[in-house]
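Here Swiss-Prot flags ARG76, GLU139 as substrate binding site. Annotation comment: Swiss-Prot describes GLU139, ASP166 as Mg(2+) binding site, evidence class similarity to another entry.
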Amino acid sequence: MISASLQQRKTRTRRSMLFVPGANAAMVSNSFIYPADALMFDLEDSVALREKDTARRMVYHALQHPLYRDIETIVRVNALDSEWGVNDLEAVVRGGADVVRLPKTDTAQDVLDIEKEILRIEKACGREPGSTGLLAAIESPLGITRAVEIAHASERLIGIALGAEDYVRNLRTERSPEGTELLFARCSILQAARSAGIQAFDTVYSDANNEAGFLQEAAHIKQLGFDGKSLINPRQIDLLHNLYAPTQKEVDHARRVVEAAEAAAREGLGVVSLNGKMVDGPVIDRARLVLSRAELSGIREE
């Protein structure tokens, strides 16, 4: 069972999730200034072995700072079977992280194992049981082949995410500007997430200085249907948010669709029509999504 608060948070907008290296004291202290939808403190790959304990303490204190109270906080912990995994979980659950990001998720059992530990810690520290969300990162061919069972493994899951660097290395290839080598993985992640009714998140774009390349990749994953993307540089936030914002033309059309649907409902009509054409449920739902994105992001700047 999950808490009512987590159930409400599962569908919140997460276009951008900004990685914050846990050992970078300046970023851990000041990342609340960035307008990302979620801040993702990292205790795993970006932290050197000798800095693991220090990073954990810094993130623990940051999670409790009042300036982070109104920001969704996600923490990528080290694998549960590593020497740091359990201590990471103790710190971030007790610290009040909204979501724990599980790295290198290969099976549903990986999710169940960390869920069991989180529940134990919630009960021990007096936190509401079921209030800590989970985000499973899939980073291997094995994980991709089991994406559906992973996505359905726990009610705590708010989404699943693609981690491309390890995945591409295991494929014995490298990342390309076109992203051809990631298409199967991206589609697998997306289909699995949607089958479970949760969100899907794309991998990072690591060349922070290549704005055109970032926008090309972001437009591609948005068209596929991803809810958002992990980011490594604050400069990518506004670029991504603008890309997810609808155009004025899209907003105008969506408003007409919703107005037609509301008029039909008031009149007790079973069929919605606009300009002589029938409008079905999925089109109406899409129109409402466009309007909600416009309310959040404004109109796209071309």
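Every residue gets a Cβ built from N, Cα and C, even glycine.
It is ASP166, among the binding-site residues GLU139, ASP166, whose Cβ has the fewest other Cβ atoms within 10 Å in the structure shown. In this structure, ASP166 (Mg(2+) binding site) is part of a helix by DSSP. If you take the Cα of ARG76 (substrate binding site) and the Cα of ASP166 (Mg(2+) binding site), they are about 16 angstrom apart, rounded to a whole number.
Between the C-alpha atoms of ASP166 (Mg(2+) binding site) and GLU139 (substrate binding site), the distance comes to 6 Å.
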